[in-house]
Amino acid sequence: MNPAPEEEPTDKRSGSDQNHDAPEEPRAGAAGAAAGAPPPTRLYKRRWMIVLLFSSYSLCNSYQWIQYGIINNIFMKFYGVETFTIDWMSMIYMLTYIPLIFPVTWLLDRKGLRVIALAATALNCAGTWIKVASVRPDLFPVTFLGQFCSSLAQVFILGMPAQTASVWFGSEEVSTACSIGVFGNQLGCAIGFLLPPILVPNVDDMDELAHHIRVMFYITAGVATFLFILVVFVFQERPELPPTLAQAAARSTPSEDYSYVASIRRLMRNRPFVLLIISYGLNVGCYYAVGTLLNRVIIHHYPNEEVNAGRIGLTIIISGMVGSLICGIWLDRTKTYKQTTLAVYLMSLVGMVVFTATLDQGLLWVVFITAGSLGFFMTGYLPLGFEFAVELTYPESEGTSSGLLNCSAQVFGIIFTICQGKIIDGYGTRAGNIFLCVFLLIGTIMTGLIKSDLRRQKANRIAKEEDPPTRQSGSLDAISVIKEAEL
């Protein structure tokens, strides 16, 4: 299937000459173009459809991450496996990401957004149908294979929000767009916490249990198939004209001049970004551990409350989604990346401490409140890390910086999930949560040490300050200034 054709930008016309997807007002005037400026940057209405479609298939994939773990005890009974084995149904998402993110990021840089979107939705669709064929107590390896396919799809998804936002959106809305991209992932996790306990009740009859599991898998497969078809026919690589001067400058860099290995080396010599890699991994790794082990933690204190465990997970994610959108809008308005990231990180630590202190009080409504507070900041931190990374690393590829952040998150997620699970088994849930609090404190301190070097904002500012006759080289001069500063 060939990519969808690029849209023809049109200026304001009357009657039938107007395109239904006409771009919004040009961001560089006609006078600048006449004076030798590059083609004017434009914003296309189609950008909202692209980011919402991405957000939708990200939702479908992230839903599957937690659909086993949130009813851990039920799947243990159905397949006759241990709790740690079911924990791996979530951790496989983290494990597959670590070795594959580098080749997938290279593919994103070389082939672009559309190829990555097609690969992600195809793998996600295949994984859901494999699970449909696995609903028998002796077919746990088959259901694990389906989850493995879905985890492969995730590798093609997690690094795309920042790249999609940069390719399609203007500088005043790029953080909001990135938040919408992350929003889908969070909403999928929320549905993953909510629906499985409702669709698969804890019944003793194995045939009835198999029926409920099969219904859940069929629903997921139907949605995944529909989204795959939409991506094939709708998802577009990029707009004809770039949305920002920084993006125009990135397009003007010849592809043969780009080296993925050299880009990785430059990023690893960028001290503020390295600090962000570690601190981001610590925060999101804690989030992964909390989500994976939530069923065990809640059931330990409130037996037979599987449905409420799912609702608590839902509360964490929904409040985090609100936090993500608020933070994205706040960043677009203020550009205070360092201050906002540090404040949200600190409040994530405070939220984890309060959640830990109130978990064993026997008041489930209090747990809902403290879990919601934790989610608002911990989940709300996700898009902040992406956008702060793009600022610190411009003009490097957004996919590369996002990939390194996510790789760090997966590594710490596996470590924290295994370690906290063992601590809970040996010493109880309070000790396990204190273990996470210690690392959130370390991450807060590291975030405070990050130097706020907003390179993308600097590039846009330098380009806009150029006089119209010299603006043709303004964006490239901005990149040169930034690269010289690195040396």
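Even glycines carry a Cβ here, placed using N, Cα and C.
What you see is a predicted model, and the numbers here were worked out from it, not measured in a lab.
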Per TrEMBL, the range holding transmembrane segment, considering 142-162, 310-330: 310-330
Averaged pLDDT score, the domain 'Major facilitator superfamily (MFS) profile' (50-455): 86
Contact set, same chain, for the transmembrane segment (115-133): CB under 8 Å, 6 or more residues outside the stretch: 54, 57, 60-61, 64, 104, 107-108, 139, 142-143, 145-154, 156-157, 160, 214, 217-218, 220-221, 224-225, 227-228, 231-232, 235
Feature contact check the transmembrane segment (215-235) with the transmembrane segment (86-108), CB under 8 Å, 3 or more pairs: no
Paired segments the transmembrane segment (174-195) and the transmembrane segment (342-359) in contact, 3+ CB pairs under 8 A: no
